[in-house]
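Participant: Take a look at what Swiss-Prot says about it:
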- GLY9, LEU10, SER11, GLY12, ALA13, GLY14, LYS15, SER16: ATP binding site (BINDING)
- ASP59, SER60, ARG61, SER62: GTP binding site (BINDING)
Amino acid sequence: MQKVIVVTGLSGAGKSTVSKALEDLGYVVVDNVPVDLLHNLLELYEAKNQEQLVAVVVDSRSLRHQGEVSKFVADLKDLKNRMPLDVIFLEASTDTLLSRFNLTRHLHPLVHATGSRIALIEAIEREKELMSELRDVSDVVLDTTGMKERDLVYQVENFIGKDRGPEFYLISFSYQRGLPTNADMIYDARVFQNPYYVDELRTLTGLDDSVAEYVRADHNYGRFLDLWVELAERSYNEHIKMGKPYLVIGVGCTGGQHRSVLVVRDLSDQLTKNGHKVITWHRELGSVN
């Protein structure tokens, strides 16, 4: 087969959106695959069509116990040695998942998993614990908290694109709204002077030149940026040695509007100049580049 994508993660985190995106990219998508049949299914497609793009969705509907998850992880490692296979793991904050389930009125797959009905929040937390082993071996972990559907599609398209995948994911965020759960490292942009307290800059963002000029005028800005670029590249090199193909860096400030956005912007420019492929996501602004 040309390529296999395994889509997994938490219920309500966006697997349906990713499945539709993969179909649009020419993948045959098989949903809710029984894990015991995964080997046979992929072997069938491999024998039938060497050029077929295949995506399978596997989640807690078919992984109900820790033993099943552990066996599935072992199966994935075996399959990776035999065919080109990547695992995409989707997650979101508990509050986000609660909101999505309450909006759609769908029943969480673990609500009845123990034979008796449990609260939705308990089902979500149980699933996070259950799927943690699978999360740890995934090729990419996408946190869809606050992410619009088109932004998720964009990130998936970039990950599975024909060119090499991104080496850095840079996320600007507000500390008031929580840290991005998939970040490998956090940079704190609150050390710089805050444009929020300048009336003519308050409603602007770190994408505006006037805000950039103000923040860059901080005597610490250039030194911190140079150090952060060096740290990012050194950390990425160590991640590569551990078999991890990319590094996720979160950059936070108070509101996620000014300083963190600019730092992500400048980090991206410098890392790109240094030959790296970078994806940026300004979480509080709802934009991906």
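Glycine is no exception: its Cβ is also placed from the backbone N, Cα and C atoms.
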Participant: Restricting to the same chain and to sequence separations of six or more, state which residues have a Cβ under 8 Å from that of ARG61 (GTP binding site).
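Facilitator: Spatial neighbours, sequence-distant, of ARG61 (GTP binding site): ASN32, PRO109.
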Participant: For GLY12 (ATP binding site) and ASP59 (GTP binding site), determine the Cα separation and express it in whole Å.
Facilitator: 11
Participant: When a 10 Å sphere is centred on the Cβ of ALA13 (ATP binding site), how many other Cβ atoms does it contain?
Facilitator: 26
Participant: Rounded to the nearest Å, what's the C-alpha distance separating SER16 (ATP binding site) and SER60 (GTP binding site)? Just drop the number here, would you?
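Facilitator: It is 14 Å, counting Cα to Cα.
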Participant: List, in sequence order, those binding-site residues among SER11, ALA13, GLY14, LYS15 whose Cα sits within 10 Å of the Cα of SER60 (GTP binding site).
Facilitator: SER11
Participant: Within 8 Å of the Cβ centroid of the GTP site residues ASP59, SER60, ARG61, SER62, which other residues of the same chain have their Cβ?
Facilitator: SER11, ASN32, VAL58, LEU63, ARG64, PRO109
Participant: Would you count the other CB atoms within 10 A of the CB of LYS15 (ATP binding site), including those on all shown protein chains?
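Facilitator: So the Cβ neighbour count for LYS15 (ATP binding site) comes to 21.
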Participant: What's the number of neighbouring CB atoms sitting within 10 A of the CB on GLY9 (ATP binding site)?
Facilitator: 28
Participant: When you measure from the Cβ of SER60 (GTP binding site), how many other Cβ atoms are you left with inside 10 Å?
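Facilitator: There are 23 such Cβ atoms around SER60 (GTP binding site).
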Participant: At a 10 Å cut-off from the C-beta of LEU10 (ATP binding site), count the other C-beta atoms across all protein chains.
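Facilitator: Neighbour count, Cβ to Cβ under the 10 Å cut-off: 24.
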Participant: Where LYS15 (ATP binding site) and SER62 (GTP binding site) are concerned, what is their Cα separation in Å, rounded?
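Facilitator: Rounded to a whole number, the Cα-Cα distance is 15 Å.
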Participant: Taking the Cβ of ASP59 (GTP binding site) as the reference point, list residues of the same chain whose Cβ is under 8 angstroms away and which are at least six residues distant in sequence.
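Facilitator: Correct list: THR8, GLY9, LEU10, SER11, LYS15, ASN32, PRO109, MET131.
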Participant: Measuring Cα to Cα, how many Å separate SER62 (GTP binding site) from GLY14 (ATP binding site)?
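Facilitator: Cα-Cα distance, SER62 (GTP binding site) to GLY14 (ATP binding site): 17 Å.
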Participant: Report the residues of the chain - excluding GLY9, LEU10, SER11, GLY12, ALA13, GLY14, LYS15, SER16 - with C-beta within 8 Å of the mean position of the site's C-beta atoms, for the recorded ATP site, in sequence order.
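Facilitator: Neighbours within 8 Å of the Cβ centroid, excluding GLY9, LEU10, SER11, GLY12, ALA13, GLY14, LYS15, SER16: ASP59, LEU90, GLU91, ALA92, THR144.
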